[in-house]
Amino acid sequence: MGGKTEPAKSESMATATTRSPDLINSSFFSFKSLKLKTKQQELLLRISILGLVYILAFIARLFSVLRYESMIHEFDPYFNYRTTLFLTEKGFYEFWNWFDSESWYPLGRIIGGTLYPGLMVTAALIYWALRFLRFFVHIREVCVLTAPFFASNTTLVAYFFGKEIWDTGAGLVAAVLIAICPGYISRSVAGSYDNEAVAIFALLLTFYLFVKAVNTGSLAWALGSAFGYFYMVSAWGGYVFIINLVPLYVLVLLITGRYSMRLYIAYNCMYILGMLLAMQIRFVGFQHVQSGEHMGAMGVFLLMQVFYFLDWVKYQLNDTKLFQTFLRITVTSAILVGGIALGVGTASGYISPWTGRFYSLLDPTYAKDHIPIIASVSEHQPTAWSSFMFDYHILLFLFPAGLYFCFKRLSDATIFIVMYGLTSLYFAGVMVRLILVATPAVCLISAIAVSATVKNLTSLLRTKQKVSQTGSTKGAGSSKASSKVTLDQSQPFQKNGAIALLVGVFYLLSRYAIHCTWVTSEAYSSPSIVLAARGAHGNRIIFDDYREAYYWLRQNTPTDAKIMSWWDYGYQITAMGNRTVIVDNNTWNNTHIATVGRAMSSYEDEAYDIMRSLDVNYVLVVFGGVTGYSSDDINKFLWMVRIGGGVFPVIKEPDYLVNGEFRVDKGASPKMLNCLMYKLCYYRFGELTTEYGKPPGYDRARGVEIGNKDIKLEHLEEAYTTSNWIVRIYRVKPPTNRL
Amino acid sequence: MVKSTTKDAQDLFRSLRSAYVATPTNLKLIDMYVCFAVFTALIQVAYMALVGSFPFNSFLSGVLSCIGTAVLAVCLRIQVNKENKEFKDLAPERAFADFVLCNIVLHLIIINFLG
């Protein structure tokens, strides 16, 4: 590089004198005329790359805002939006102590104590900051764009993390890879205002600060990682991953003989301060000292004290024989005491066992048999191979290559990233949703592979210049990276091979970019609440039935009306319809949900009794038979039966099946043809012709003609059906006068 | 067997004591602070065993503040000890400033958590 600038300098001297009138044109794009040194050129390159990556990460997530409108997607984000709205309107004290009587009627929900406030507080802070600068935006805009903003910040953290683990080249590649990786984009598009939007940023930040603390042994960095952990705990329930991975990492370092003072300082400071900070969140409470999931961290903490003590005694004694006896006594007593304490704690029930949500990660079959609510969520299903390929593309085979490079240069930092990668990939295999947690690790390790490979290849290429510039002393000394590489005389085509491989690498990376953009555009940018389809002439048809129904509820029902629906729609009804619901997506009370499930699967008379006992005024069902929408309540019906049957044995799943098969046509079981859900979905549907050439009452989502077309409702009456029949609302009639 | 173990223990004790006397004063000061903090924590645990743990957050904040400041003092000791090769170019003022900062953060959290 130094050899290049010398002739360049003389050239610029000549050009400056002859071209002074058009100075603007000459100095605009040419590095040479700026007379920058190599280091400054490199810094400029790095900063501009990071700036472009920052903007790219933000822009790639804006597809749905451009195609539809700036709105909140899915179900959970509506709850987050409603709580953020409450926070900005009423202030932090009201928010922290909020008891909500508009959901889970008649139980209510202690929102202040059962949510993770990180996301809402972050969005509220951004909103207040913008207001302070006199940008009067609506809080909804801030909520929609929070996720892309934090995705951009994640790329910066990924750069610094890559720099810490390997070098700046790996950091830059990691930033680019994570900016467009579909695994991350899926949960952080504009509009996906969910906990993961800030949680992945907090996760990577905590890990980066911890690895930095272990590398430098500084208390300040450990304090930073404790604050990062606090942010993670406030943002997402997945913090349990951090509090188990970090102790596991410390354990691995202890076992591989890498115990050091820096590790002691980093872990202890982070554990104590992190634990104390985490207990400030009401939802987490005292779990750090009482729950089985957090005991690993405490165990490793005590183990570290034992290690430090033994190390100190060994240093003081300088006599191996005495030390051996001492070691024997201490280790046996420590293990004994630890084992007894753990045993007593678990047996007496003080240390609670692993909760179902996390236990099902260790034993994937557990949820299916014991907790149907967890098993019914589509995001909790095991991952298929196609999902891995879809979300990671080339990173899938770059990951083992990166592992190879990490093992070649083992240090405390690379051991950490290897462990993070392996554990998170295991969990990603168990549950689709956890591909998100594995994405940063996969991106970082793949970045190491790409960076190391490209570096080796380009250094092979650059040795040619070193050979030809034998006269110039600057040329020989300045190319530090390539000076150690000499051409192997036995392989004459190394140059060409290197060029071919480099072209191959760039081709792969460009295919990756194309794939990621395509995936983002096609699969991960739909708002779920607005559906789109292609009409007969190729024009785009928008189904906005959900919002139509919720706004009908908002404008045409009394303000104290109670709405019964399946729990999927609870958050949306409360946020947009502004009415009280019976059950919603929080699913904290299984019996209440089972009651609703029982009502939906019983005959109309029994269901009416249940609805009267819950003071229900309106019932809302989602029906996809007219549009062919397949995520409707009839397709979810078996889960209602299973969940209801889990608590009330009177509901038996085989009653609704025929030969183990779920049918809605003439051959369906009589219980199925007369249950409340069937009646509410197919009321008046028998008169409707949905498709040319098919009989009236043809259900386009199931592809059959329905069995029971002549439906009469006794205790309910139809209140509203949206324009495409997707959402149907029924009013519960008051009991008839007794004569 | 028992005699050899007791003799070993006595040898151990004596050699530990003689080695410890040689440590510099500033480190002994930090060690005293650590012992004081741990002792305070033990008193709190004994008190909790007597009267029960009702405001559990108060008990936790008391015990954890003692354990926390003890751990931070040990970290300070590590960084200030001249015989640790890893930290020989870390200024003791910087180590002490880190220690003070972490303690301030710790006690602010404790004040919030005490109830």
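Every residue gets a Cβ built from N, Cα and C, even glycine.
Since we're looking at a predicted model, the values are computed, not measured.
Transmembrane segment is the annotation TrEMBL gives to one range among A:142-162, A:436-456, and that range is A:142-162.
Feature transmembrane segment, per TrEMBL, maps to range A:325-351 of the set A:325-351, A:487-513. Most Cβ pairs under 8 Å with the transmembrane segment (A:229-252) belong to A:197-223, among the candidate stretches A:43-63, A:110-130, A:142-162, A:197-223, A:325-351. Between the transmembrane segment (A:168-185) and the transmembrane segment (A:43-63) there are 3 or more Cβ pairs closer than 8 Å, counting only residues 6 or more apart in sequence, so the two stretches are in contact.
Here the domain 'STT3/PglB/AglB core' (A:563-620) is broken down by DSSP into helix, strand and coil counts: 33 helix, 8 strand, 17 coil. Highest Cβ pair count under 8 Å relative to the transmembrane segment (A:43-63), across stretches A:142-162, A:295-313, A:388-406: A:142-162. The stretches the transmembrane segment (A:110-130) and the transmembrane segment (A:295-313) are not in mutual contact, being linked by fewer than three Cβ pairs under 8 Å (pairs 6 or more apart in sequence). Counting same-chain residues at least six beyond the ends of the transmembrane segment (A:142-162), those with a Cβ under 8 angstroms from any Cβ of the stretch are 50, 53-55, 57-58, 61-62, 65, 70-72, 77, 80-81, 84, 119, 122-123, 126-127, 130, 168, 170-176, 178-179, 184-185, 187-194, 197-198, 200-201, 204-205, 207-208, 211, 440, 443-444, 447-448, 451.
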